[in-house]
Structure formats: structure tokens, C-alpha cells
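A.B. asks: Okay, handing you the structure first.
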Amino acid sequence: MIEPIGNQYVVARPVYSANAFGEEHKKKQRHHKTFLDHLKGCCSCSTQKAKKIALSLFPIASWLPTYQIKEWLLSDIVSGISTGLVAVLQGLAFALLVTVPPSYGLYAAFFPVLVYFFLGTSKHISVGPFPVLSMMVGAVVVKLTPSESTAALEISNSSMSNDSSTDEYKVMVAATVTVLSGIIQLLMGVLRVGFLVIYLSESLISGFTTAAAVHVLVSQLKFMLQLTVPAHTDPFSIFKVLNSVFTQIEKTNIADLVTSLIILVIVFVVKEINQRYKAKLPVPIPIELIMTVIATGVSYGFDFENRFKVAVVGEMKRGFQPPIAPDTQIFQETIGDSFGIAIVGFVVAFSVASVYSLKYDYPIDGNQELIALGLSNIFSGSFQGFAGSTALSRSGVQESTGGKTQIAGILSAIIVLIVILALGFLLEPLQKSVLAALALGNLKGMLMQFTEIRRLWRKDKYDCLIWIMTFIFAIVLGLGLGLAASVAFQLLTIVFRTQFPKCSTLANVGRSNIYKNKKDYSDMYEPEGVKIFRCPAPIYFANIHFFKQKLIDAVGFNPLRILRKRNKALKKIRKLQKKGLLQVTPKGFICTNDGFKDSDDELDNNEIEELDQPIHTSDLPFQIDWNADLPLNMVVPQISLHSLILDFSAVSFLDISSMRGLKTILQEFIRINVDVYIVGSDDDFIEKLVQCEFFDDEVKDSIFFLTIHDAVLHIWMTKDYNASKFNASQEKEMKFDFTINTNGGLRNRECQVPVETKF
């Protein structure tokens, strides 16, 4: 019964052990579905289920019939045009990261949008090239391209000559990797394993994208300076590239350097204006488009290519290239890289989509996103595009310019289509250094994530460590190996957190029924002879020994050592008693022969096992008080602890190894007359112990209580109250029912004899 009294409450209920609660409140019989039940549910078919599957596979069928033409169409048109212009420039720029001709970046900006329009669940993200993925694909392309051809391609950065066969091979590698990553995403979506992205934390993604931004920055230096830099893909490659750049810095093309620096400064300044005044601007200033038009016009008008020998985009093929079949040999060599590309692409897209879904209150489906992105990459790779996801800046443009649905996305694809079919030739005079600068301009947000370190350090040092180590791994080992090492390290931190949990000793706060860490509050009361120990993590094979050591530190003694000393002392007492050399008086033991000596030789294994057994004194004509003085100055540590409460409310599971270890710990305490109680455990936790035959004559299932205060009250009744107030017959007839208020006072509601429970 609960009685509210102002801002306080009074609770009247019995003191519950787990067994007593189970007897009074019977659990329902529930049917837990087996694997076969789930399989039958998946294989069953009905009209409603078929309709649900169709709508989930084609989300466009859900939102397109409800499209509000008058309210949304104009906003989607404006957004689609703005996003399309940005997509064109980013496609050209990010193609440099893949080390393929810029025109192929337009294919990567066009084809994925068509598929995502029908299959995607997000209304606001803009799918297409993403710098991190482009960098990862480019690393694979460089790794698989023959070194001679690579050198020829590097020379082509500063001249009009092109090795077409090398370009074709690079395009084939990029397209094959894209198709394979799409197949992986599609399989993951079909198998409903989208939940795997939970193993990539926000800190890991932030550190990885920041490191990728640094890789992009370094990779673009050769275009900004127009230097011949050998490609590297092995660990420490970023340092090798920097070494190549600085050893030939005197060969820098000044025209390219000046142009790219001017573009960078202007883009950064205008983007900052867009960010600061986004509430006042009707649409963000399309600075990338403006600078592209100006740079193309200046380069063409002043003939930069011939006068200053700058590298330009060059021939832009009109129309589309015929689809190609992926190379299965490349499949075998790039399966690991493709898996990383598939995971990163999905994680980035799903993260951005989640932000917009929360902002505009509509659902997204992770598994369907995998299917949509997978088919988008398969389609794009088949038409010689490269892997895509969503660029944060491009999605930001689509949303901030008023985009309501993926109608804006399909309109942006139309803009890209116009450039592919008709206007591409206008971009031929554009310097590659301008594209490199525009690519770096889109990295500002990712590079600014360095500021995350301070915030993470204040919030969670483990998350901060994950960020730092992910950044270091990705920089030093490269993006592919770096991602794998980062995931492994992140999982390792989870092991560390559970292997070394912050255990604590609890005490009563404010003389109430609330128990907190006794180091945190001043008005604490610790029940005499009672120790309350809390473990805030699962207990398993890796941390059971740590748990035991922390428990020993909390109680101040090792129960096994005390047990052995008591058994050893008991063995000597028995010898004295059998020889008639021991007398028991009201004041204690008296040994009638001070010359008695016992061997203190080192014990063998059998004798040690005997000392670890329970203490039995039933054969003696007297009881031994282990906290009193023993004969012949036998030294056995005295302990004041009579009850130990283990708060397992945060312990979610035990494995078999830790179960054995826990039982040993409980037995050691019980054998030295310390009662052990476990509180807060889930019913499933107790049922697992029963199934594993955890309980016996020593460790009984009656040790479980619902709350810490239930266990404390039980201890008071058994240790003090019952012994001093009632005889055995009265105790059986009594049912204790306490009223507890927030001031900590207790009164007995059913007993006639008053109960004194002072804190």
C-alpha cells in the first residue's frame, strides 16, 4: 500500500525476498517464440503482409500519392536546381580523388539518385559522391593499377596527353569496386543486418571522417601545386606523399597555387557567411557555382593552359558510356576494401538521414536504406560511376533550400543530365587545381571536428580515446586498415569498461531507504556489521577475478585466508581437546600444558583442500567464538562483518566460468559465518542460475531479495530483532510488515511489540 503525504510517500508492504515475492505474486505463463516460430512467421503469406512488403521495398508508393503539389513543388524545384549545380561540381572534384577522369564523376552524381528516388526512405539526403568514399575507392584504384601506368598518369596531370588504356583500367577498377560494395550492401539489407552499424559509434565515425579529410587534403596537394607525386596505398602512405611533395616543392606551378588559394579563401569565407546568416538568407550563396563560372572564364580567356602550363579538366565526353561488366578477378582482390566502403557509405548516409528524420518527424528504415544504397551503387558502377553515399554539404543544400521530398533529388539529377548531354564542354578549360580547392572547401565541416576532442574529454574519456585512436589508425594505416583497427579498438574499450568496472560500497543516505556510494554524500549511515557492495557491469570470465579483488578490498579481508586460519586453529584445538589439555571456562579457553607444540611445516595440497572446507564444530562439546582470544595465542583475524549484500541490479548476465567463481566467493564468506544476500537481480538471471544447478545446501536460493532495503530489514530482524524480542514459537506466528517514510523511520504495522530500528 502506498500513502501519499504531500511531497512524501509512505509504503506499507512486507519485507520481500525473491522467494517470498514469487509465492505471493504468481508469474504469468508466457510462451517464448522459438526459432521455428519466427521462421513460420517469416514464411507465412497474406494480402496484408504482401502489401506491407511492397510498400517497404518501394517507399515511393507511400509518399508520392500524398504529395502536396501546391505547397511543395516550388520548394522542390528551387532545391533541386541548387543541389544539382553543387552535385555537378562535387562530381568533377571528387573524381580526382578516385584518380579517374573528371567526367566520370558526373555519372556517379547522376545514376544513384535515380535508384534512390524509388527505393530510399529519407526525404532529404542527396545521394552521390562523398569525399571519404571517393578517397577509399581511389586508394584501391591506385593499389591495383600497374606502376608504369600510374607514372604515366601522374605525368598527364600537367599536360594534355592521356594514356587512354590506363584511364579505362582505372575506371574498370573503380566501377568493379563500386558494384561489389553495392552487392555487399544489398545482401546486408536483404539479410536484415542493418543493426551492425551500431558497432560504429559516433566518436569512431567522427574520428574516421576527420582523418579521411586529412587524407583528402594531402591527396589534393599534387593538383594544387601541379607536382608529379607517386601514389602510395600501404601504411604510412600519407607521410610518403608529404615527403614527395616537400622534396619537389620548388617545381610548384605558381598559377595553380595562387588560383587554388584564392578559391579556398573565398569559399571558406562565403561558407562561413552562409552558416552565420542562414536564418536571414533565403537560400545559401552558391559560391561553388560562382567560383567555377569565374575560374572557367578566366582560364579560357587568358589561355592559362598554354601560358602557364596549368592542368585542366580537358575533354568532357558527351552522353553516357555503355555499361560494363565488372571484372571478377578484381572482386577477389578487393573484397576487404569493398566491405569497408560498403559499411562507411551506409553509416554516413544513415547518420545524416537519421538527423533529418528526427527533425521532420518521419521514419526511416536502416535495412531498406542498405537495399537502396546497394542497388544505387550497383547501377552506378555498371555505368562506370564510382561508389557514393551522401555528401553532408550537398544534403545540407537540398534541405536548407526548401527540399521537401526526393522530387528535389530527381530534379538535381536532371541538372546533372543536362551537363552530361549538352553543357559539359564548357567546363573543359577549368583548372584541376580549382576542383581540388572546391573539394577541400567541402571538408571544412569534417576538419572542424577536431573540436570534438575537448567536448568528448569532458563527457566520456573512453569516447575521446576512441576518437583519437581512430584518427591515428586511419592516418597511419590508411583508411581501409584504419577502419578495421578502429572497430577492433572500440570493441576492446567495451571489454575494458566491463573488465574493470567502477565497483563501489553503498551506504544509507539521509536515514531513508535510499543507498548510494558512501564516498559521494556526507549524511551517510552504514549499518553495523553489514557491507553493501555494488557491481555496475556484467560478470564474466574476464572480470570475475577483478570483481573478487574489489570485493575483498571493500570488506577489508580475504575470506579464504580467514577460513584456512580458522580450520588450522580448529585442528589444533581438536588435538588439545582430545589430549585433555583444554578447559573451557566462562572467561574463555584455558590450556593446561603450555609446552604443547604443533608442527608449522608447509602443507601439502591435500591438507590445503581440507583447510578450504566448511568449519564443523558439532563434534566439540563447546562452541568457538572466533572473535575471542584463542588458546596458545593462536592468531586468527577477527572480523566484525556478519552480513554482505551484493547489489546486482546492474549485472545483466553471468557466463559459466564466472558462475563457478561467484559460487566459490559466496561459499568462502558463508563458511566464515558471513551471510550473503544478492539484491536487484532480474528473474531471468535467477532462472539461469537454477538451470545451471548453482544452488546447494550452502548457497541457497533464499539469498535473493528485491531491494537493498529489503535485505537490510531482513538482517535487522534475524540478527537483532528476533533474537532479543521473540522466542521461536512467536517468530513463526509473526508476519512483519513495515511502513517506511522518506525520513527513514520505520514502524511495525501488525506486531504488538514495538520495533526499534534506529539508524
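Note that Cβ sites are derived from N, Cα and C of the backbone, with glycine treated the same way.
Because TrEMBL annotations are produced automatically, they should be read as predictions rather than curated entries.
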A.B. asks: Between 223-242, 283-302, which stretch does TrEMBL give the note transmembrane segment?
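C.D. replies: Among 223-242, 283-302, the range TrEMBL annotates as transmembrane segment is 283-302.
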A.B. asks: With TrEMBL as the source, which of 46-63, 370-387, 622-639, 676-693 is set down as transmembrane segment?
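C.D. replies: That would be 370-387, the stretch labelled transmembrane segment in TrEMBL.
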A.B. asks: Given pairs 6 or more apart, does the transmembrane segment (370-387) have at least three Cβ pairs under 8 Å with the transmembrane segment (407-427)?
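C.D. replies: No, the transmembrane segment (370-387) and the transmembrane segment (407-427) are not in contact.
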A.B. asks: Below 8 angstroms Cβ to Cβ, which residues of this chain, lying six or more residues outside the transmembrane segment (77-98), approach it?
C.D. replies: 104-109, 126, 128-131, 134-135, 137-138, 141, 170, 174, 216, 219-220, 223, 283-284, 286, 288-289, 292, 313, 386, 391, 393-394, 397-399, 401-404, 407-416, 419, 427, 430, 432, 435-436, 438-439, 442
A.B. asks: Which listed range (104-120, 254-271, 339-358, 464-492) shows the maximal number of Cβ pairs under 8 Å with respect to the transmembrane segment (407-427)?
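C.D. replies: Against the transmembrane segment (407-427), the leading stretch is 104-120.
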A.B. asks: What stretch of 127-145, 254-271, 283-302 shows the most Cβ pairs under 8 Å to the transmembrane segment (104-120)?
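C.D. replies: Per the Cβ under 8 Å count, 127-145.
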A.B. asks: Any chance the transmembrane segment (127-145) and the transmembrane segment (464-492) are in contact, meaning at least three CB pairs closer than 8 A with a sequence separation of 6+?
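C.D. replies: Contact between the transmembrane segment (464-492) and the transmembrane segment (127-145): present, because at least 3 Cβ pairs are under 8 Å.
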A.B. asks: The transmembrane segment (254-271): which same-chain residues, six or more beyond its ends, come within Cβ distance under 8 Å?
C.D. replies: 223-226, 285, 287-288, 291, 295, 304, 308-311, 431-434, 436-438, 440-441, 444
A.B. asks: Which sequence positions outside the transmembrane segment (339-358), separated from its termini by at least 6 residues, show Cβ-Cβ distances below 8 Å to it?
C.D. replies: 121-125, 127, 130, 132-133, 136-137, 177, 181-182, 184-185, 188, 194, 196-197, 200, 202, 205, 208-209, 364, 366, 369-370, 373-374, 377, 387-390, 392, 395, 399, 479-480, 483-484
